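Enquirer: Got these off TrEMBL a minute ago, pasting:
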ACT_SITE  Glu113  active site, proton acceptor
COMPBIAS  174-188  compositional bias 'Basic and acidic residues'
DOMAIN    28-154  domain 'Gamma-glutamylcyclotransferase AIG2-like'
REGION    173-205  region 'Disordered'
Amino acid sequence: MHKFTAIPVHKIPKPIGVHAIRTIMQKVFVYGTLKRNQPNNYWLQDPNNGVGNFLADGYTKTKYPLIIATKYNVPFLLHSPGNGHFVQGKYHHFICEIYDVDEKMLGKLDILEDHPNYYVREIDDIVVKNTLSKHSQTEKCWVYFLKNFKPELLQRPFYDNYDSLGSHGLQYMDRSKRDPKYNHKSEIKSNPSNYVRSDPEPTPP
């Protein structure tokens, strides 16, 4: 019979000053072209941008105007609390979504949305839709709002959900198909002359 000698296992000492890196995740509420099955969702799925995990469907606890504007049919969530609808997707298949993102992805989204020069990222209360429970849960999520907008935008139709291919007939135009010489920000911003865009051009969340 052969005898097997156990090989001693030595614990490798932890280097002094080295700590485990903890990834900080934050919740982001997306309502436009970044949603699943929408034109720019690939941005959240690209691992080169960081981590972006879908968590749940949700809707805003406060009413906000969700509109479609400019000749490129871009969705905007106007920062005008109390106006509009609870942005949730009551009548459409595609509804607003909550994502868990790491700091890298959040930074990429800030660049994409040109926060705080164009869109402004703020914390807001989002109600999580849970079909398995009668009790609602509210989460604090980052939301990209449009501020300093032209007042006439409040006269546009309000939506409770965004779908590029919805019955409104206002299909979103991809940036690659747009006129690079045309500044569509002038259609929505109250002071477009003060706006200087950084690359890449913002994409609605």
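Any Cβ shown, glycine's included, is placed from N, Cα and C.
Just so you know, TrEMBL annotations never went through curation; they're auto-generated.
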Enquirer: How do the residues of the domain 'Gamma-glutamylcyclotransferase AIG2-like' (28-154) split into helix, strand and coil according to DSSP?
Expert: 22 helix, 50 strand, 55 coil
Enquirer: For a quick check of packing: other C-beta atoms within 10 Å of the C-beta of Glu113 (active site, proton acceptor), how many?
Expert: 21
Enquirer: Which numbers of helix, strand and coil residues does DSSP report for the compositional bias 'Basic and acidic residues' (174-188)?
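Expert: So the compositional bias 'Basic and acidic residues' (174-188) is made up of 7 helix, 0 strand, 8 coil.
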